[in-house]
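As structure tokens, the structure follows; a few thoughts come after it.
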Amino acid sequence: MPKIVLNGVTVDFPFQPYKCQQEYMTKVLECLQQKVNGILESHTGTGKTLCLLCTTLAWREHLRDGISARKIAERVQGELFPDRALSSWGNAAAAAAGDPIACYTDIPKIIYASRTHSQLTQVINELRNTSYRPKVCVLGSREQLCIHPEVKKQESNHIQIHLCRKKVASRSCHFYNNVEEKSLEQELASPILDIEDLVKSGSKHRVCPYYLSRNLKQQADIIFMPYNYLLDAKSRRAHNIDLKGTVVIFDEAHNVEKMCEESASFDLTPHDLASGLDIIDQVLEEQTKTAQQGEPHPEFSADSTSPGLNMELEDIAKLKMILLRLEGAIDAVELPGDDSGVTKPGSYIFELFAEAQITFQTKVCILDSLDQIIQHLAGRAGVFTNTAGLQKLADIIQIVFSVDPSEGGPGSLAGLGALQSYKVHIHPDAGHRQTAQRSDAWSTTAARKRGKVLSYWCFSPGLSMRELVRQGVRSLILTSGTLAPVSSFALEMQIPFPVCLENPHIIDKHQIWVGVVPRGPDGAQLSSAFDRRFSEECLSSLGKALGNTARVVPCGLLIFFPSYPVMEKSLEFWRARDLARKMEALKPLFVEPRSKGSFSETISAYYARVAAPGSTGATFLAVCRGKASEGLDFSDTNGRGVIVTGLPYPPRMDPRVVLKMQFLDEMKGQGGAGGQFLSGQEWYRQQASRAVNQAIGRVIRHRQDYGAVFLCDHRFAFADARAQLPSWVRPHVRVYDNFGHVIRDVAQFFRVAERTMPAPAPRATAPSVREGEDAVREVKSPGPLFSTRKAKSLDLHVPSLKQRSSGSAAAGDPESSLCVEYEQEPIPARQRPRGLLAALEHSEQQAGSPGEEQAHSCSTLFLLSAKRPAEEPRGGRKKIRLVSHPEEPVAGAQTDRAKLYMVAVKQELSQANFATFTQALQDYKGSDDFAALAACLGPLFAEDPKKHSLLQGFYQFVRPHHKQQFEEVCIQLTGRGCGYRPEHSIPRRQPAQPVLDPTGRTAPDPKLTLSKAAAQQLDPREHLNQGRPHLSPRPPPTGDPGSHPQWRSGVPRAGKQGQRAVSAYLADARRALGSAGCSQLLAALRAYKQDDDLDKVLAVLAALTTAKPEDFPLLHRFSMFVRPHHKQRFSQTCTDLTGRPYPGMERPGPQEESLVVPPVLTHGAPQPGPSRSEKPGKTQSKISSLLRQRPAGTVGAGSEDAGPSQSPGPPHGPAASEWGEPHGRDIAGQQAAGAPGGPLSAGCVCQGCGAEDVVPFQCPACDFQRCQACWQRHLQASRMCPACHTASRKQSVTQVFWPEPQ
């Protein structure tokens, strides 16, 4: 690894750093060496995490080496180097400069904080890639680290805390008891462990990971923890975090401002107080009964391991009185009549709490009493032991009285914190109506009446920052990829930052394209302003803009909306106007859910769709400041484009936003803290710009990445809005007046990037999408969970995920076809169907009634497989992996969906309600009583609108004969259905009914194989080939199949001639089978197109076409629809069903000549014509042998019914080409290439030249027939038919497969 010397410190870096990385590390060292704070912005992809780790650890090693050198010099007392002064050794100069690091224990610890544990895990993985091996510790909560079964099952975090404390105090947790003994083991203390590794190691060694991490913290060189452990004073005390002399690094620091304010704020609702009073009443009643009986409670007897509740009844009663007084004091506040609430200064909180006797003097006793009661009830089961209200009250008291009187007193707190940084806001309880609806006889009076919410909001993140500095932090480093503008960010923190850096990006200008799109394709202005964002004109123009952009952006596309309501409303509008279907036809849509549970499933499905072979990509719809806007991997193909649909300003009328702006304006006007405050309007604009910058940061993730950014709001055209963008983006921004120019430039950008940039390396951790449709089926996201929100339900937003037909979806929409000329690969306005299956669908759509809706709704689960035909490349054969049991993956997916649904239900319901739910499900399974099931589900899910989606998701468990009733129940309870369709009422595992032929007899089994004796029973006089050209040419012996046009996609080309072939086949099928039979055939063919199951379609085909020998040609001609990998099976099945050789089979070799003609063909009258023995060297097919034995003027010797009635049916139109080849090849070219002259490789004798085994061609105006060679001579000589002298061309003559007598 390269070693770089920066500011006198040798940094061991994994690779040669870029210039911007060296600049970044230099600034980090400057902060560390000078003991100052720094704000460092460096975009994701520039390696800032690696730079931070290597620089800080190299600096620590430099300090350690200096101390070691000084100690060595002291021991030898300068004897080794007598001419060198002792002060020049080690860190003596630093000590003289005021940096007294004289021993190893004085070397500062590094505290590395990020927002989530998943981000910390990524940092630890980066640390493993370096050469440094420091002692590492990761701090987490009991919820993440506890492995005790009883504690883990508790749903509430604070219950886990108190139950754990109870077990630790009583020494009843054997995992905790092993900590002191095993914490020094090499396997636990030495390796670099993240949060998951810590849990695994703790489980393996049966030692508590939570307390193990606290022990490791004492000796750790670098400690990883989430933000709130540092910013929240209560958490700092709980984890015993000593900040004196430490270096604190906040990674992803763009969230620090919000976290600082939220950690010092609270909202106390009437429900919190009411639930706390309920618990105190319960404890008071329990302790009163115990005291009256004169016996200790059995749970707290002397032989019990629990310490019990060490409180007098009088103390419990006083605590209840305090809560009642606090509730009364809040209710006594007068509010204006418009329910807008009232705002008080920060100091008012002390007056309010003083009325309830909560002061600096009493807070310790009150907190101790609350803690005892909560711990006393910890671990108890039941719905009436919810101690969340008491725990919240304890947290609130700690926030309000966070400064001890001895450290500054109430006066100083009011002057510094409350008066300047806080506001008290009291407003009516907005959730009262839902609470009142759910209230019952067990609810308290306080919960049933409308109360008031007490809000205590901190508006200065600098308060928490100043507290960290006051704790003695050596250096505070804030770093992120999106801190711009850095100057204003520093003002908000309210502490000095002498070191600032806005690093440029490491990419070149040809790797990024940024455009402001103020207008859509139709010229309408794009705006997310409050008064225009829901207008029909704006939503329609935005939808068209997104659809056109999706055409030119390859692979993954990210679309960010200002908020969830805007995203949901937009999708609802696009669905109603059919715009969503058009977008879905280009790239499947994935929508970011609100809930955390289903988000991982959604993003995994998106990754899998983008990575799927042959995929056209996917679109992910997300929200600014949402889960997808930070921390996720959208590098390379996962995110080639980012579209920002508007400026995500905070809600302007929200009380907290209004008060924040007022607070900033007041502080700026007063010149507080040296005037270092933003104005309210500046802060308001920066909230939107920072969210936009975070979304833009998704597109470029590393040095070789590239992508495009679309800013689709006219306000981005203003200079002040562009000035808020990151410094590395601003030079590339271009404002467009014409939407067509946007598409043109973007298409050119991606063409150049794909040629100049290296292809992304295969992802080792990419979603596991194996080749084939069965693998795609495994990564489908669970349908029920996706329907939990309108925004997540793609069935609602996208009514059809069906493959587009031959006509372009945008054919009738001029605006949406605007960008066709700018696409990378021009696509005609009306594409011809690729393949005969698509041609059949096109033919059926043209035959349907006008206005008939051809597209059907698909579930979200079907999303990943419904688009498969559209994704296949135009060249080359289709790759379809055969699955022996197609039902098994579907069943597995259904099982996975059911499990995920049960997890979601368990998260939403209480333990008692979940037990009721599971019991109802078991009863329904046993009794099939739908009425009882509906009566049970209603109270569980219908009362809370947030649980309506769970009721609708239960649809998957309802039996088919009850699904329609369940749909009615859902509509009655929630106002929305659950996606019922009539076909859902058909049992899925119902055994297939035997198909009857027109005579009423049971059709033969499609898998029937005929013996020789059975084959002899068939009538040999009926020729099989009474239809049109239908056999695929045999594949070329060598070369790439994709290089031969006639073999593209494995089936004959489905251009104009292919459509004629399909239309002719359908016409013949209707004549032969009738309307009912033809409908059955079409239904089976559509099913085959979707599920690729040949057996199903053969069962229907055999029942319809094998009852009468004259229908055999329909069976053989069906081969035009059979996919290449099924051709051989189909030909063998045709032979088995008819007892006759399939016309497309290969000719038998010389060893098989004796088996060419079945014995049944030899008895009867002798057949005229030359025998095979006359041409011993000639190999013939079975059909050829039959034709050779039949002269042109007979139907068959020995036939009792020979006559005109057995002549073939009416002639049909030409095949894919008049010559059996693609247009442009003449007859001579076919013969030279050795291509068969049509479906038959041998035929009758030409009446002109006497050539044998030829297929005749007939004049369209008369019955004149000749072979290919004769026709070519005639047409070259006169271009007229020799018989009728009608002008003819080689394209007009028609192949004749059963020649008429001449």
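Cβ coordinates are placed from backbone N, Cα and C, and glycine is handled just like the others.
As stated in Swiss-Prot, the feature motif 'Nuclear localization signal' covers range 873-879 out of the listed 292-298, 635-641, 873-879. The range from 152-168, 883-899, 1121-1137, 1223-1239 that Swiss-Prot describes as motif 'Nuclear localization signal' is residues 152-168. In Swiss-Prot, the motif 'DEAH box' annotation falls on 251-254 of the listed ranges 215-218, 251-254, 731-734.
Most other Cβ atoms within 10 A: among the binding-site residues Ser42, Thr44, Thr46, Thr49, that distinction falls to Ser42. Note on the binding-site residues His43, Lys48: the fewest other CB atoms within 10 A surround the CB of Lys48.
Secondary structure at Lys48 (ATP binding site), taken from DSSP and collapsed to helix, strand or coil, is helix. Each of the binding-site residues Gly45, Gly47 was scored by other CB atoms within 10 A of its CB, and the lowest score goes to Gly45. Mean model confidence for the motif 'Nuclear localization signal' (873-879) is a pLDDT of 39. Apart from the site residues Ser42, His43, Thr44, Gly45, Thr46, Gly47, Lys48, Thr49, the chain places the Cβ of Cys51, Gly481, Asn503 no farther than 8 Å from the centroid of the site's Cβ atoms, the recorded ATP location. Helix first, then strand, then coil: DSSP counts for the motif 'Nuclear localization signal' (152-168) stand at 13 helix, 0 strand, 4 coil.
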